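Listed in TrEMBL for this protein:
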type: DOMAIN; residues: 1-66; note: domain 'MHC class II beta chain N-terminal'
Amino acid sequence: KDIEYIRSYYFNKKEDTRFSSSVGKYVGFTEQGVKYAAAWNKDASKLSAMKAQKEVYCLNHVQIDYNNIL
């Protein structure tokens, strides 16, 4: 439950847009990023695919990573 999937998009070394699994949608940080986020948040299939990434990348690998650290 404490795991969060974050995917950030950068332009000119500045974070433009971010998807966070804890928020459940895209958030824009620049003028253009806000426009991208608004468009991507309207696409239900894109949001569903990004929400599924938490399970694909995080939940399936957390135990392996945790065991390697110990």
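Heads up, the Cβ atoms here are built off N, Cα and C, so glycines get one too.
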### Task
By DSSP assignment, list the helix, strand and coil residue numbers for the domain 'MHC class II beta chain N-terminal' (1-66), in that order.
32 helix, 17 strand, 17 coil
### Message
Averaging the per-residue pLDDT over the domain 'MHC class II beta chain N-terminal' (1-66), what integer do you get?
### Response
89
